[in-house]
């Protein structure tokens, strides 16, 4: 090497100093990827790929479609939300296109379904790891390379929502959102900085001076493209446009007040948002203004922000040319915005209401009751979540971020305060100190914002947010803030608000926390004692300086992120390594039932023998009400399970995790009789197509008050009812010295719970159920402040009492207002009548007893009422039960006494679980002794029907024929008179509607001599009114027998 080459060749030390961040960042990415892929094998079960959650399954459908139609995404999907269909909305986005492209590349243009599924399986881990790149780059701009790497390390170690959404298997679009938002924020920051440096103004634009405008124009266009790509991944990403718009107002008003031209910032806003708006016209799917779908809202709102930037710049020019006092400019800007909002609300009220509602439930701490039934949409510090986890608010934050949230908040405070205090202006310093004091008061005295909120009728958190926002605006108007830092501050504030409004947005907040800590590290290194901010040579660094930095970093990172710690009563925190263990979850318990449905029910379009099979991956054009062919049908379940039904069952759910059909599903599943359920179905669709719903799937969680049962009560709107109409909490207290604690808690169910359709299906399989002589007793207690009353088990410890007969139980309840019959387990308060058009056709192989949550629920209920949990387990507690809605076989009966009760019974055999149950239905005879029934269970003809001819291959079959019994009476002294018809066959074709006709049943009168000592039989048979004309009917005898069995089970367990 020549001397000249040696002279200009960089040394190893120089290379390390210039490029050390590359290997460090690469290592961080690899570690993040490894952590996120550790559970890969858990998602491959017997060669089948599973995913966790619900939305990932619909992304699988979208990716499969895009692979078949690359690069197009599905424009409309009739395979969900029967009988309407819907657009994919925030599914079928650039995320699905990227995954499909990867699968096509790896599969050499023809990937197998297994490869497509595995590509989607690992996608969240890849995007989660790659999010560290924009995080580092933003952190580098705020805190230098060392700060950027510190932020990257924090992101790597976070164990909370950001990690969970980026784990293998959680293939929702969530984790791709912060990835693309990060790059959009970065591009906007660069564009703003370039504009501050190059200073583009109107004169340069008018003169078309491209040389002067080239750099700000280039970066503004890139910022617009990056923002559009972010919204292509998630249409509600319009939030970032709103954040940028808010920044533009603050920055341009501040610049003008402080004597700078607002046109530099306006240039970035106008160009970038125009580009974003134009690009957002490309993916429009439906001509509407919905926030969650690709419609007109995204492009028009973006163009509105661009136009607003131009207007504010023009207003500033007019202000200056007319020599108006610049101090009034911000007030006029604020007034103009207010007038614009009012006009918008008047001209387009529905659009305004939609935007305002979504804004408040996203960042305004105002998520509604229906939204809060979604676990990921609950407030981050929701009281019920903290209580159930035994956590404090600080403990909850610590479990998610460790100390990094608090150090990030400190960085944000310093970012606001630094420009105020650095000039030594006492007024500005006083403002900063006063603002911090006020924020501290709001935090330490929550009753203050609560009182203001109560007076104004708004959430206390929204009051605090408004006050803090006003303080930040005041600070911005008084000091000089770098454009990109002010933008980051506004972005951080809104994202923090969103994360505390809905817990899911913590996967965004993780990036904010990381970059704010990057900024904090740089500021800390610049403290005189440390003095490392501008060090160029390692020789200039002392051991004391290094030790100070290392100790500070370890204090931030070690608790929670590196070493788990105890968080109050909420248990021990988890590190990222510990929290990365995951699996597919409940879907594996549904898979068998959905596979059965795919193979044993008619294909869509072929029900009843029709020949209109729907193409599963077909291309369907947008419509607001899809015209389904004859033979298509819906499958009703709670909306959580809709995507599983679509993808794993290849059937069309009525409701889905888009919450489409959620209200109708709630009204149907909680219907108190078949007539109400039928009216719900016929109300769906203009021509009542909802009546073509053929199957209902119910799992144990839907029927459990400790799981999902409460969710439909929030959506239900058929009448004004609430959760308390179905069940109420019951507590068992325990005295420990002078302290009283809750030893156990469960629920006491009302009759309305047992009469809801989904409970009648899951618990009783549509059969009638008699009340049992079991009484639950309680005491009323009042809370310490006297505002609430609640139920506790009696102080003598006996919460459940059993009686020999119903009369005795009813007499006890009549004399004790704090007691009721039944209300625990599957024991109703009153008789529950049979369903006529629903039959169990399949139980899952898996039992609910495999669920830890189900077991804990049984144990808790048993402990509350002093019972063994076994007494509360229903017959056949399968995880999932599938029912068919059938016309039913009509029975025309005769031969019974007039105006009496006839009971039909048949024993059914569940071929999957190997258990038996008896279906029972009763009917009243007329004056001629005739009766009519509609029976949903058949006894013969199973082999003649199946999916090949448009019907169901049922997995629940009769063990014999029906038995029909009329009243039993004792006449004279020794003759028993009964009416019976045994082993009556009901053909499958009559039940499923394939055949016309009725079942004719004639009850035969039987007499049998009863040989009893003495003449007491006639007295025993007398009714309460003194008659002996057969008043002791078979119905009452059946009730007595059933009651004694139930009562003995509970009594033995007590």
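Cβ coordinates come from backbone N, Cα and C, glycine included.
Copied from Swiss-Prot, the annotated features are:
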type	residues	note
COMPBIAS	1009-1027	compositional bias 'Acidic residues'
COMPBIAS	1028-1054	compositional bias 'Low complexity'
MOTIF	373-376	motif 'TIXE motif'
MOTIF	701-712	motif 'DKi motif'
SITE	55	site 'Interacts with target acceptor peptide in protein substrate'
SITE	165	site 'Important for catalytic activity'
SITE	376	site 'Interacts with target acceptor peptide in protein substrate'
SITE	708	site 'Interacts with target acceptor peptide in protein substrate'
TOPO_DOM	1-14	topological domain 'Cytoplasmic'
TOPO_DOM	36-118	topological domain 'Extracellular'
TOPO_DOM	163-174	topological domain 'Extracellular'
TOPO_DOM	196-215	topological domain 'Cytoplasmic'
TOPO_DOM	233-237	topological domain 'Extracellular'
TOPO_DOM	255-263	topological domain 'Cytoplasmic'
TOPO_DOM	285-295	topological domain 'Extracellular'
TOPO_DOM	317-331	topological domain 'Cytoplasmic'
TOPO_DOM	353-396	topological domain 'Extracellular'
TOPO_DOM	418-485	topological domain 'Cytoplasmic'
TOPO_DOM	528-544	topological domain 'Cytoplasmic'
TOPO_DOM	566-1054	topological domain 'Extracellular'
TRANSMEM	15-35	transmembrane segment
TRANSMEM	119-139	transmembrane segment
TRANSMEM	142-162	transmembrane segment
TRANSMEM	175-195	transmembrane segment
TRANSMEM	216-232	transmembrane segment
TRANSMEM	238-254	transmembrane segment
TRANSMEM	264-284	transmembrane segment
TRANSMEM	296-316	transmembrane segment
TRANSMEM	332-352	transmembrane segment
TRANSMEM	397-417	transmembrane segment
TRANSMEM	486-506	transmembrane segment
TRANSMEM	545-565	transmembrane segment
In Å, rounded, how far does the Cα of residue 165 (site 'Important for catalytic activity') sit from the Cα of residue 376 (site 'Interacts with target acceptor peptide in protein substrate')? 11
Tell me which residues of the chain lie with their Cβ under 8 angstroms from that of residue 376 (site 'Interacts with target acceptor peptide in protein substrate'), as long as they are six or more apart in sequence? 502, 503, 504
Annotated stretches the transmembrane segment (175-195) and the transmembrane segment (296-316) touching (3 or more Cβ pairs under 8 Å): no
So, does the transmembrane segment (238-254) come close enough to the transmembrane segment (486-506) to give 3+ Cβ pairs below 8 Å, pairs being at least 6 apart in sequence? yes
The transmembrane segment (397-417): which same-chain residues, six or more beyond its ends, come within Cβ distance under 8 Å? 154, 157-161, 381, 391, 432, 436, 472, 475, 485, 488-489, 492-493, 506, 510, 512-514, 516-517, 519-520, 523, 555-557, 559-561, 565, 567, 570, 573-574
Quick tally, other C-beta within 10 angstroms, 165, 708; top of the recorded sites is 165
Structural state census, the topological domain 'Extracellular' (233-237) (DSSP three-state): 4 helix, 0 strand, 1 coil
Whether the transmembrane segment (264-284) meets the transmembrane segment (216-232): three or more C-beta pairs under 8 angstroms: yes
Answer key: the stretch among 142-162, 238-254, 296-316 with most Cβ pairs under 8 A to the transmembrane segment (216-232) is 238-254
Composition by DSSP (helix, strand, coil) of residues within the topological domain 'Extracellular' (163-174): 3 helix, 0 strand, 9 coil
Please compute the mean pLDDT of the model over the topological domain 'Extracellular' (566-1054). 86
Measuring Cα to Cα, how many angstrom lie between residue 55 (site 'Interacts with target acceptor peptide in protein substrate') and residue 708 (site 'Interacts with target acceptor peptide in protein substrate')? 18
Are there residues at least six beyond either end of the topological domain 'Cytoplasmic' (317-331) with Cβ under 8 Å to its Cβ atoms? List them, or say none. 202, 253-254, 256-257, 259, 477
The DSSP breakdown of the topological domain 'Cytoplasmic' (317-331) into helix, strand and coil residues is 11 helix, 0 strand, 4 coil
Folded-back contacts onto the topological domain 'Extracellular' (285-295), same chain, C-beta under 8 angstroms, at least six residues removed: 75-76, 87-90, 235-236, 238, 348, 350-351, 354-355, 358, 622, 624, 658
So if I exclude everything within five residues of the ends of the topological domain 'Cytoplasmic' (255-263), which remaining residues of that chain have a CB under 8 angstroms from its CBs? That is, six or more out. 199-202, 312-313, 316, 319, 326-327, 329-330, 477, 480
